[in-house]
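Questions regarding the structure given below will be posed in turn.
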């Protein structure tokens, strides 16, 4: 019997926290479906979602100012358990009659939490025990405000040296507040605390498992598509691979895979993709040579958003042409949940569009194909788990992500055949050396970027003006935040040496040492 994987659900209201998506991932890891929505979402949407529990995220603002964000008041009146984290705890306390003040000593980083009442959230959880027998927890703090007076009905359930009210609870109404961040890895017991809220307090059944997600996706595809054919674009990345595999598992020969050779793929990627999918998927694969078409469309275009939208437009037009030849009505896309989040606009401005994702905002409004997106609810790590469960090779599953517009957005400014050729070679050298040195799987994504600027250098006995190549490598779990990879200097020196010696047009190589945020992972 198929499980309803969406039956039990948690709603996360986002107050602009850098950790909001991480909260969602943690809830998914517990085995329960959740969605992330802006904190000012309307009442009808929340009631339609019908959550079993609500989590209020942290945020960068202060509750002490009258114009800052508040939780929708009605969520405290519908009988639903609520967990406030950091800012979420503070706004809950303030809105329910407590007091919040600026603290004389802000807490940023590690703190030791002393549990005063372990009921519900902290039951059976401890890192250490105090001499008085009280449970102690290592937690991660990041706040400049504190709850200075509890709302009616609440009691203090934990404290730190600097925060007498580091956790609070109204057990009767099932409202809980945590001043620390249970979602980050720096709070070792955070996963168990969240599980207590989601499973024990909200009474959610953990049906959100890889096996159940696959079963649900297959059923959904079959119900939507019926006997019609689906066309799926292959890129060599894990998202399109898992999408194609899921669709193939659901409808078999009704799937037609199309690989568009845009001229913007990585070195030798077309041959590699064809080999992998024809060998492992067993589906029909059509390769379309669209290099001239893409170059013509991108000629004279420097704006990154325009390049993304043009790439999306051209992809869809190629697919539509193939679909007409084959009488296909459906387009399968590898859109994943972070694509949806980053491309969403919210009334608060807390979810401003950072960049248009090729799989979301790049689609033309007059698209003739119906869209099916089986991965739309999933984070990248969930997609990888699905791929392994579906039997795709690990080398493909753990291949670094590659953007839909390809090298067009790794070339700053206008794209040209010369720039593409230079970038392909530089990128191939970087990836080859990462694999040879066993660093490839230690980083989450790595690539080269072409800068159409010339820098003076010396080759032989002559001055040489050549282009600049930037190398980018990051480590991340969910691609919502990322840290630049601290690769050994000897390794970077070797890569740089190869690039400037093997690619005559390049005179300088630089390494990008910027985290996300403030930067995005891609340069454009």
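Cβ atoms are placed via backbone N, Cα and C, with glycine included.
Quick paste from Swiss-Prot:
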type	residues	note
ACT_SITE	86	active site, nucleophile
ACT_SITE	181	active site
ACT_SITE	183	active site
BINDING	235, 236, 237, 238, 239, 240, 241	ATP binding site
DOMAIN	9-207	domain 'Glutamine amidotransferase type-1'
DOMAIN	208-399	domain 'GMPS ATP-PPase'
For the ATP site given as 235, 236, 237, 238, 239, 240, 241, which other residues of the same chain have their Cβ within 8 Å of the site's Cβ centre?
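Filtered neighbour residues, in order: 234, 242, 243, 334, 396, 399, 402.
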Out of 235, 236, 237, give those binding-site residues positioned within 10 angstroms of residue 181 (active site), comparing C-alpha atoms, in sequence order.
none
Validating a neighbour-count step here. Other CB atoms within 10 A of the CB of residue 235 (ATP binding site): how many?
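Excluding its own Cβ, residue 235 (ATP binding site) sees 22 Cβ atoms within 10 Å.
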Which one is it: of the recorded positions 183, 237, 239, 240, 241, which Cβ has the fewest other Cβ atoms within 10 Å in this structure?
237
Per DSSP, to which secondary structure element type does residue 238 (ATP binding site) belong, with helix, strand and coil as the options?
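The residue in question, residue 238 (ATP binding site), is helix (DSSP, three-state).
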Calculate the distance in Å between the alpha carbons (Cα) of residue 183 (active site) and residue 240 (ATP binding site), and round it to a whole number.
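Between the Cα atoms of residue 183 (active site) and residue 240 (ATP binding site), the distance comes to 29 Å.
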In Å, rounded, how far does the Cα of residue 236 (ATP binding site) sit from the Cα of the residue listed as 'active site, nucleophile'?
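Given the Cα positions, residue 236 (ATP binding site) is 41 Å from the residue listed as 'active site, nucleophile'.
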Where does the mean pLDDT land for the domain 'Glutamine amidotransferase type-1' (9-207)?
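Over the domain 'Glutamine amidotransferase type-1' (9-207), the predicted model scores a mean pLDDT of 93.
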Do you know offhand how many angstrom separate residue 240 (ATP binding site) and the residue listed as 'active site, nucleophile' by C-alpha?
37
Which number gives the other C-beta atoms within 10 angstroms of the C-beta of residue 181 (active site), all protein chains shown included?
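Taking every protein chain into account, the count is 23.
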Taking only the Cα atoms, work out how far residue 237 (ATP binding site) lies from residue 86 (active site, nucleophile), in Å, as a whole number.
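Just about 37 Å between their Cα atoms.
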Ten-angstrom check, please: count other Cβ atoms within 10 Å of the Cβ of residue 236 (ATP binding site), all chains counted.
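Counting Cβ neighbours of residue 236 (ATP binding site) within 10 Å gives 19.
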Can you give me the Cα-Cα distance between residue 235 (ATP binding site) and the residue listed as 'active site, nucleophile' in Å, rounded to a whole number?
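Answer for this pair: 41 Å between alpha carbons.
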